[in-house]
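**Student:** Pasting a structure here, questions to come.
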Amino acid sequence: QVDAVRVYVNSSSENLQYPVLFVVRQQKGVLSWQVPLIFRGLYQRTYNYQEVSRTLCPSEPTPETRPSDQIIFVDVASMAPFNIAYELLVTRLENFQLETNKAFNFTASPSQPQYFLYKFPQDVDSVIINVVSDAAYPCSVVSVQDIVCPVYDLDHNVEFNGVYQSMTKQAAITVQRKDFPGEQFFVVFVIKPEDYACGGSVPSSIHGNVNRTWNLQRTKNLQVTIVPSIKKSVYVQAMFFSFLSFLSFYLGSVVVAFVHYIRVQRKASAGRLSPEHGSGMMTSSHPISASTPEGSSYGAIDESSSSGARQLSSPERRAPAGSDTDSSVEEESDFDTMPEIESDKNIIRTKVFLYLSDLSRKDRRIVSKKYKIYFWNIITIAVFYALPVIQLVITYQTVVNVTGNQDICYYNFLCAHPLGVLSAFNNILSNVGHMMLGFLFLLIVLRRDILHRRAMEMKDIYTLDYGIPKHFGLFYAMGIALMMEGVLSACYHVCPNYSNFQFDTSFMYMIAGLCMLKLYQTRHPDINASAYSAYASFAVVISLAVLGVVFGKNDMWFWVIFSLIHVLASLALSTQIYYMGRFKIDDPDSDTGIFRRAVMVLYTDCIQQCSRPMYMDRMVLLIVGNLVNWSFAIFGLVYRPRDFASYILGIFICNLLLYLAFYIIMKLRSSEKLLPIPMFCIVATAVVWAAALYFFFQTLSSWEETPAESREKNRPCILLGFFDDHDVWHFLSAAALFFSFLVLLTLDDDLDTVRRDKIPVF
């Protein structure tokens with residue numbers, strides 16, 4: 001047991017010109033202070049205290065002294081030309097050494113800080129220092145310092161040494177034995193003279209003597225408990241749990257693929273035995289290996305289609321099935337720049353009732369190559385985006401480790417398990433699900449792609465105009481985006497704070513946008529956005545998110561401009577969707593035609609169409625969608641949420657859910673079926689998302705507040721003693737996104753045997 005000595009001094013003098021100086025000389029150090037003791041705050045405010053109490057650094061026993069003896073010298077001096085009364089009291093601390101798993105209560109104030117000694121037990125390699133208080137204020141600082149004298153225990157020097165964090169009602173610091181060669185450390189408690197650092201009121205700027213405050217009562221009751229942290233075996237269990245949980249998805253996919261293979265073999269055997277089944281048409285409805293017959297001439301339309309459509313069928317180039325070689329002359333512009341094709345587009349796309357054959361008329365190779373660009377572009381974007389992010393968060397972590405300032409990063413300190421240089425390894429490990437399930441989705445899409453190509457090589461290209469056209473470029477891009485979401489979320493959780501939260505959300509925007517594009521591409525393969533325009537739009541969104549982080553806190557002008565852009569973008573996109581990309585407001589035959597055209601559009605399309613719209617289903621979707629987006633714009637303009645990145649993400653998610661609900665409703669309304677596999681994926685998606693969102697809203701920290709206020713929300717681990725609520729959100733959200741992708745992949749498998757001129761467009 002280590003004993004310590006505490007010195008208490010008091011002076012009734014208020015003369016700041018002639019303070020009383022106290023110097024304490026010990027075996028290995030000198031400690032000095034003055035009375036009145038002066039603390040400085042904002043706007044040159046000073047806080048003066050006439051009572052000061054300091055703990056002396058315990059000395060090591062020498063051969064000349066007994067183990068319990070300490071030799072100290074206290075010098076008292078003043079330059080005052082008159083006598084000054086003072087009081088000096090030296091006492092022995094009975095409870096200087098803290099014990100494991102035993103709570104200790106004490107009080108502290110700005111002029112009377114406290115610190116205690118803790119020694120690691122033999123079988124403990126890591127401990128968590130839990131500090132709680134019933135009162136949020138006064139603001140305090142908890143510091144862990146090595147056994148070095150003097151101890152930095154005043155407001156102006158507590159940050160000079162060790163690890164520290166500010167505190168209101170709760171603080172927690174994880175300490176590892178390897179960081180302290182002596183296997184012991186000091187726990188220091190300092191009360192700050194002002195509360196602004198913890199989110200309290202900021203003192204007003206007042207000039208004159210009013211800036212001087214005497215003996216302000218800022219005493220705080222604290223309770224400290226030091227508990228052992230988890231052992232190394234828990235780290236191993238957590239890693240096994242993380243990987244095995246998601247490897248089970250791989251196992252499930254293999255089982256389903258094997259069952260599907262058996263079913264296909266049985267159907268093939270039945271087809272060889274029965275001549276009527278040898279028509280050359282393959283049916284498949286499996287989520288990961290369905291193959292839809294389709295030829296290079298995909299999009300050939302029925303005789304009942306428009307005359308313009310029949311005119312197009314002859315010039316279409318038809319290459320042998322399975323020929324997917326790139327050609328420098330086979331560009332989409334070859335079709336889009338021909339005047340007769342432009343006329344044909346206007347005839348077809350303005351029909352009241354559109355079928356898939358009307359919007360899937362371009363050469364399959366050209367359209368497939370167009371959608372492959374999504375995949376290659378997102379890989380390039382991911383590399384260039386991720387590398388500087390990784391470099392930045394490594395710098396953040398290095399700054400935290402070197403300075404010891406744990407107010408930089410907003411961890412859940414009650415469940416932050418370090419590993420190596422990482423302060424919260426559990427928050428990083430829990431993102432492994434995004435990467436593993438993203439890679440699994442890529443394998444599923446690859447298998448579908450391979451089986452689809454084989455089916456095309458086996459079938460007659462003139463009889464394969466069935467089902468939804470199979471273009472896998474967007475699916476590959478979605479898989480890469482899911483993997484990158486895991487990488488960037490892990491980067492964000494290296495040091496979560498306000499500045500780098502955009503890293504956690506950037507690929508969420510891209511995932512939501514790609515899902516909407518894929519859903520639209522399903523029945524509009526010829527008129528979907530190109531990869532260049534889509535990624536350019538995502539770049540604009542991410543740029544706005546960065547501007548929102550910088551200017552979105554208090555600047556009203558930013559919210560006015562953003563809301564205006566949001567509303568105008570919604571209207572422009574609605575116009576393109578409603579008219580299938582055939583809306584034009586200019587008239588090339590007249591200089592004033594644009595104005596006359598604008599008036600005609602306003603009358604025919606806004607006044608007449610609103611009462612009896614030509615495309616009722618599209619009109620209903622777009623009206624609801626615009627109401628939702630305008631509501632978001634008004635909400636942002638009125639409330640100006642600080643978490644701008646989540647605000648934009650909410651806009652994307654709501655639009656995606658609205659479009660998906662519309663698509664499923666229209667699908668059922670058109671007498672189409674939901675097969676068991678997509679139905680299972682829809683149910684699984686809804687259940688897992690509901691569970692994930694429950695854990696997401698269990699707020700464990702918040703960079704919208706000060707670090708001290710954020711720590712009030714910290715909670716202990718809930719899974720394996722290693723993962724907290726947010727880690728469970730990572731696990732469940734990865735599974736939910738995976739099932740969401742499978743929904744988009746399998747939703748229209750029931751149409752594989754339906755001719756495209758019988759599949760409605762909505």
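The backbone N, Cα and C atoms fix where each Cβ goes, glycine too.
TrEMBL lists 238-262, 374-394, 428-446, 474-495, 501-520, 532-551, 557-579, 619-638, 644-665, 677-697, 728-747 with the feature transmembrane segment. According to TrEMBL, the feature region 'Disordered' maps to 272-336. The compositional bias 'Polar residues' feature in TrEMBL is assigned to 281-295, 303-314. If you look up TrEMBL, you'll see 327-336 marked as compositional bias 'Acidic residues'.
Quick one: where do these features end up spatially?
**Tutor:** With a threshold of 8 Å between CB atoms, the same-chain residues lying at least 6 positions outside the transmembrane segment (428-446) that come near it are 238-239, 242-243, 245-247, 249-250, 253, 287-288, 422, 472, 475-476, 478-487, 489-490, 493-494, 723, 726-728, 730-731, 733-735, 737-738, 741-742, 745.
Within its own chain, the transmembrane segment (501-520) is flanked in space by residues 374, 378, 382, 385, 389, 393, 474-475, 477-478, 481-482, 484-485, 488-489, 491-493, 528-529, 534, 537-538, 541-542, 545-546, 549, 577, 643, 645-646, 648-649, 652-653, 655-656, 659-660, 663, 703, 737, 740-741, 744, which lie at least six positions past its ends and keep a Cβ under 8 Å from the stretch.
Long-range contacts of the transmembrane segment (557-579) within its own chain (CB-CB distance under 8 A, at least 6 residues past either end) are made by residues 349-350, 520, 544, 547-548, 551, 615, 618-619, 622, 625-626, 629-630, 632-634, 636-637, 640, 651.
Sequence-distant contacts of the transmembrane segment (619-638) (same chain, at least 6 residues past either end, Cβ-Cβ under 8 Å): 559-560, 562-563, 566-567, 570-571, 574, 577-578, 609, 613, 647, 650-651, 654-655, 658-659, 662.
Listed as Cβ neighbours of the transmembrane segment (644-665) (distance under 8 Å, sequence separation of 6 or more from its ends, same chain) are residues 501-502, 504-505, 508-509, 512-513, 515-516, 519-520, 522, 541, 544-545, 548-549, 552, 566, 621, 624-625, 628-629, 632, 636, 674, 682, 743, 747, 762.
Long-range Cβ contacts of the transmembrane segment (677-697) within its own chain (Cβ-Cβ under 8 Å, at least 6 residues beyond either end) map to 285-287, 664, 725-726, 728-729, 732-733, 735-736, 739-740, 742-743, 746-747, 749.
When Cβ-Cβ distances below 8 Å are used as the criterion, the transmembrane segment (728-747) is approached by residues 242, 245-246, 249, 285-288, 290, 427, 430-431, 433-434, 436-438, 440-441, 444-445, 448, 475, 478-479, 482, 485-486, 489, 511, 515, 518-519, 522, 660, 663-664, 667, 674-675, 677-678, 681-682, 684-685, 688-689, 691-692, 695-696, 698, 718-719 of the same chain, each at least six residues removed from its ends.
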**Student:** So if I exclude everything within five residues of the ends of the transmembrane segment (474-495), which remaining residues of that chain have a CB under 8 angstroms from its CBs? That is, six or more out.
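**Tutor:** Long-range Cβ neighbours of the transmembrane segment (474-495): 371-372, 374-375, 377-379, 382, 385-386, 389-390, 393-394, 396-397, 400, 408-409, 422-424, 427-428, 431-435, 437-439, 441-442, 445, 501, 503-504, 506-508, 510-511, 514-515, 517-518, 521, 730, 734, 737-738, 741, 744-745.
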